[in-house]
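Asker: The structure that follows is given in the form of structure tokens.
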Amino acid sequence: MSVGIDEISFYTSNYYLDLRTLAQQQQTDPEKYYTGIGQEKMGMPAPDEDIVTMAANAALPIIERIGSDTISTLLFATETGIDQSKSAGVYVHRLLGLHSNCRVVELKQACYSATAALQMACALVERQPERKVLVIASDIARYELGTPGEATQGCGAVAMLISAAPRLLEIYPEVGNFTDDVMDFWRPNYRATALVDGKYSTKIYLKALKKAWEHFVQATSASFTDFGRFCYHLPFSRMAQKAHQHLAKLNHTELTPVEIEQQIEDTLRYNQIIGNSYTASMYIGLCSLLEHCQENLSEQKIGFFSYGSGCVAEFFSGRVMPGYQQALHRQRHAQLLEARQAVSYDEYLQLWHHPDPQQGESLMIPHTTPGRFRLAAISHHKREYVIC
Ligand code: CAA
């Protein structure tokens with residue numbers, strides 16, 4: 001029996017800052033961003049958007065197709081938690097009208113947790129193949145203004161339906177893991193922005209790739225040439241390009257630099273104009289691959305490298321299902337991205353500084369997002385979500 005991703009849908013904010021605007025303000029060469037880190041735009045959430053509203057918006061097309069009663073478990077993966085106790089997924093459960101017998105839980109390990117959620121979902125479906133599990137990853141990447149990380153912000157959510165006999169991608173059970181207690185990127189409970197040792201984090205990312213790949217090869221006897229395409233965690237596109245060159249070199253590949261680049265280039269397209277979406281990013285990358293690749297990917301094997309700072313990494317793989325093209329939301333994603341609006345630098349600052357009550361202050365939030373779900377208010381320490 002095959003188990004894997006039956007459907008995938010993503011959502012991002014209506015607003016973005018073009019990195020040329022940021023570069024102009026910083027009197028930096030825009031090519032540092034466009035070429036140097038491989039990013040063009042970064043999504044900025046509206047004041048009435050957060051991980052919950054983005055998650056519900058991402059999952060909506062799936063629920064509209066299959067109905068709200070069929071989901072047995074909702075696994076919500078995020079780095080941008082909004083509560084120390086209550087799962088963000090429980091709000092999504094109500095917004096989507098899921099059944100009261102549906103189990104809900106939130107998972108955290110920086111940008112890795114969606115992969116843990118995916119693996120758990122596959123295991124649950126293996127046990128009860130008639131069940132469907134909804135995995136949602138939703139994050140807002142936020143760094144301090146004026147820091148090297150600033151240009152690598154972004155936001156997005158991705159929803160994946162995990163089932164038996166999936167229409168998109170079979171996920172194979174063999175994995176390679178690597179865990180190490182390091183401080184490359186972290187965010188203490190009292191901070192809204194991440195702390196990061198940028199250069200060190202890129203080195204640890206590459207080290208984790210090598211270690212997870214070696215463990216994967218040990219477990220599977222797989223080789224680099226088994227895979228037609230590779231999806232990487234995408235803090236910024238250039239990171240994936242460096243990682244893939246690194247992996248190709250470790251494996252003494254005979255591929256040309258152009259062929260190596262072709263193995264990942266279609267995974268980068270959405271990320272380049274959305275920015276980092278932490279644990280959602282690799283799966284938005286998968287969506288980008290399936291929706292942009294001109295070649296028919298049916299039966300191709302895809303290698304995945306999932307990385308979460310701190311750090312936990314995993315290499316795993318999957319097989320693209322024949323006919324996958326019919327199960328995509330290509331048109332919907334194109335419309336979502338085309339409708340977005342660029343913000344000026346001042347508007348970006350206003351969005352960045354939008355109040356996030358820490359001490360229980362009440363806040364009425366103006367209706368800004370065109371999305372179906374919005375955060376309307378925060379009062380008495382409670383977040384109030386509404387369906388528009
Ligand atoms: N034209 C073309 N390229 C240019 C250029 C120009 N005018 N100016 C600079 N560049 C190039 C540089 O040569 C460099 O390329 P290489 O890396 O190939 O040498 C690249 O642009 C970036 O320039 P800098 O190294 O000077 O950039 P920086 O130090 O200001 O910032 C960064 C880079 C440290 C990665 C920073 O973006 C950062 O801190 N980001 C957040 C942390 C991060 O994303 N880490 C990734 C691994 S951790 C992870 O993956 C988890 C996660 O999601 C955060």
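All residue numbers here begin at 1 and follow the chain in the order shown.
Glycine too: its Cβ is placed from the backbone N, Cα and C atoms.
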Asker: Looking at the (3S)-3-hydroxy-3-methylglutaryl-CoA binding annotation from TrEMBL, with ASP29, LYS242, ASN276 already listed, which candidate in TYR112, TYR143 is the matching residue?
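Answerer: Among TYR112, TYR143, only TYR143 appears alongside ASP29, LYS242, ASN276 as (3S)-3-hydroxy-3-methylglutaryl-CoA-binding in TrEMBL.
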Asker: Going by a 10 angstroms cut-off between Cβ atoms, which of the recorded positions ASP29, GLU79 has the sparsest surroundings?
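Answerer: Candidates: the recorded positions ASP29, GLU79. Fewest Cβ atoms within 10 Å: ASP29.
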Asker: Looking at the recorded positions ASP29, GLU79, LYS242, which have a C-beta within less than 6 Å of some atom in ligand 1?
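Answerer: Near the molecule: ASP29.
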Asker: Restricting the comparison to the active-site residues GLU79, CYS111, HIS233, which residue's C-alpha is spatially nearest the C-alpha of LYS242 ((3S)-3-hydroxy-3-methylglutaryl-CoA binding site)?
Answerer: HIS233
Asker: List, in sequence order, those recorded positions among ASP29, GLU79, TYR143 whose Cα sits within 10 Å of the Cα of HIS233 (active site, proton donor/acceptor).
Answerer: none
Asker: Going by DSSP, is LYS242 ((3S)-3-hydroxy-3-methylglutaryl-CoA binding site) sitting in a helix, a strand, or coil?
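Answerer: SS state of LYS242 ((3S)-3-hydroxy-3-methylglutaryl-CoA binding site) = helix.
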Asker: Give the distance between the Cα atoms of TYR143 ((3S)-3-hydroxy-3-methylglutaryl-CoA binding site) and GLU79 (active site, proton donor/acceptor), rounded to the nearest whole Å.
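Answerer: One finds 13 Å between the Cα atoms of these residues.
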